[in-house]
C-alpha cells in the first residue's frame, strides 16, 4: 500500500546577501513539491480519512449498545406474557388540544361525616348521663335552683366547655369524683370531636363558596379577567380562601358571639351594659371568673346552647389568627430563601454526585430545604422508593423495570 504522503526532498534556504543592492539578484529557492498545491490537498485528505474512521467507530459502538439493550429487552419480554393491544384502547390525544377544566375544589372527606355522627352520639350520651346524675343528686350540689333539667344541662355545658363559673359546684366526695371524670372525658375526648364538627362545617361552607365562584368564573372564561373583589376572597391558583378572608370571618364570628351574649345578658339577666359585655367575653374565652353567672331559667337555657357554639367558634377563630401569623412568617422565610445568593458551602452540600457543580434539580432541592417545604428525611424516602423501581442501579427507570410487576 502506497503512503498517502510521499517523502519530500529537503530544501535549503539561501542566505540573504549582506549588500542590499544585490538583493534583487538573490532569490530563495523553494522546492517545487511544496509550492505545488497537491501537498496541502494530501494533508486535508488524511484528516478527512481520520475523521471518517472516528465516525465509523462511534456508529459501531452505538450499534453495539443498541444491540445489547434490545437483547436485554427481548430477554425480559420472553420471560413475560405477550402484551396484546385492546380494541378499545384510547387513542393518543394531543395535550394542547385538550380543553382546560376548572380546578376541582376540596370537598370534605367521608371520614369527617363519620366524626359528626360520633360526636352527636357521644354528646347525647354525655348530656344524658350528666343530667341524670345531677337530677337524682340535687341536694349534693350548691347554687341557685331554677329547673332540675335546665340546671343539669347548664352544669354539663359549663363543665364540658371548661368555663367554671362556680355558681353550681359539687359538695360531696362522690359528686366531686364524678365531676373529675366528667371534666376529663368532656374536655379530653368529646371536645376534640366537636372541634372536628366545626372544622367540617367550615370546610363545607368554604367548599360551597369556592364551587359557586369558580362555576361562575368558568362560564365567563371568554371575558377578559379583571381584578375584582373575588380576588381578595379566593386564591384561584391554590383553590382555597385567602388567609385574610378567614381572619376577617373569624373576627366577625367573635364579635357576633360576644354581641349576642351581651344582648341576652342585658335584657334577660338584667345586667348593665359593661357587666353584660364583661360576662360575655369571659364566657366565650372560657375564662369564667365566677363573679357573674346566669341565674334565670331563660338565661341558663340560652347559655346551654350559646356557650357550646360560641366557645368552639371563638377557639376556631383564634386558630385562624394563629394560622395567619404562621403563614406570614412562612412567606417571609420563603422570600429570604429565594433572594439569598448561593455560597461555596451550599454548592458543596448540594453537589450530591461530587461533580464540582450543581444541576437544576439539585438547586431546586436546596432551595426547597431552605424554605422548609421538604426535609432530608423526605428526600431519603423518595430515594428509597426510586431505588425499588431501579433494581439494576443504573440511575434510570426503564419500561422493563415498570413491567416487572408491583413492588
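Cβ from N, Cα, C; glycine included.
Range with TrEMBL annotation transmembrane segment, chosen from 203-224, 225-246, 247-268, is 247-268.
The transmembrane segment annotation in TrEMBL falls on one of the ranges 115-136, 269-290, 335-356, 357-378, namely 115-136. Feature annotation (TrEMBL): of 148-165, 382-399, the stretch labelled transmembrane segment is 148-165. Annotated by TrEMBL as region 'Disordered', the relevant range among 57-81, 82-106 is 57-81. Sequence-distant contacts of the transmembrane segment (247-268) (same chain, six or more residues past either end, CB-CB distance under 8 Å): 275-277, 279-281, 283-284, 294, 296, 298-299, 302, 306, 309-310, 313-314, 316-318, 320-321, 324. Using a Cβ-Cβ cut-off under 8 Å and counting only residues 6 or more beyond its ends in the same chain, the transmembrane segment (301-322) has close neighbours at 150, 153-154, 157-158, 160-161, 163, 194-195, 198-199, 202, 243, 246-247, 249-251, 253-254, 257, 260-261, 264, 268, 283-286, 294. Outside the transmembrane segment (148-165) by six or more residues, the chain places 126-127, 130-131, 134-135, 138, 141, 179, 182-183, 186-187, 190-191, 283, 286-288, 290, 292-294, 297, 300-301, 303-304, 307-308, 311 with a CB less than 8 A from a CB of the stretch. Secondary structure counts, DSSP: the domain 'Potassium channel' (122-201) has 60 helix, 4 strand, 16 coil.
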